[in-house]
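As recorded in Swiss-Prot, the features of this protein are as follows:
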SIGNAL    1-24  signal peptide
DISULFID  27-64  disulfide bond
DISULFID  28-56  disulfide bond
DISULFID  40-50  disulfide bond
């Protein structure tokens, strides 16, 4: 039971962290700066610290300022949602798959629920609104 609680806690924490990445856009002056930002974020550092380290800027709109044309998150319709779902499922739900494969644990239902949660989280429930409209 404790293992399920830990997994659920990690999933919720990851989804909250992913929300910040979806709502903000990172603009960088060069590709190398974007790569530095990405590597920094992989260490678990905050968006602000990584932006300061790499020379990138965090913007709330959809357009990067002049000179910062190398953006991380391109906002082209459903591309953002698909990127979110793919990233969420691979990073959060991948741990469940690894657990299943390495420890012979039956967590097929948990993996399915995890991918559904990622989908709902990334679309912010907009699919349900469309279905009921």
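Quick reminder: no glycine exception, Cβ is built from N, Cα and C everywhere.
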- prompt: Considering only the disulfide-bonded residues 28, 40, 50, which fall within 10 Å of residue 64 (disulfide bond) when distances are taken between Cα atoms?
  reply: 28
Statement: argmin Cα dist to residue 56 (disulfide bond) over the disulfide-bonded residues 27, 40, 50 returns 27
Task: Go through 28, 40, our disulfide-bonded residues, and report the one whose Cβ sees the most other Cβ atoms within 10 Å.
output: 28
Packing count at residue 27 (disulfide bond) (other Cβ atoms within 10 Å of its Cβ): 23
- line: A correct count of other C-beta atoms within 10 Å of the C-beta of residue 64 (disulfide bond) gives 20
Task: Which residue among the disulfide-bonded residues 50, 56 has the fewest other Cβ atoms within 10 Å of its Cβ, if you could check?
output: 50
Query: Which of the three DSSP states, helix, strand or coil, fits residue 64 (disulfide bond)?
result: coil
- prompt: Going by DSSP, is residue 56 (disulfide bond) part of a helix, a strand, or coil?
  reply: coil
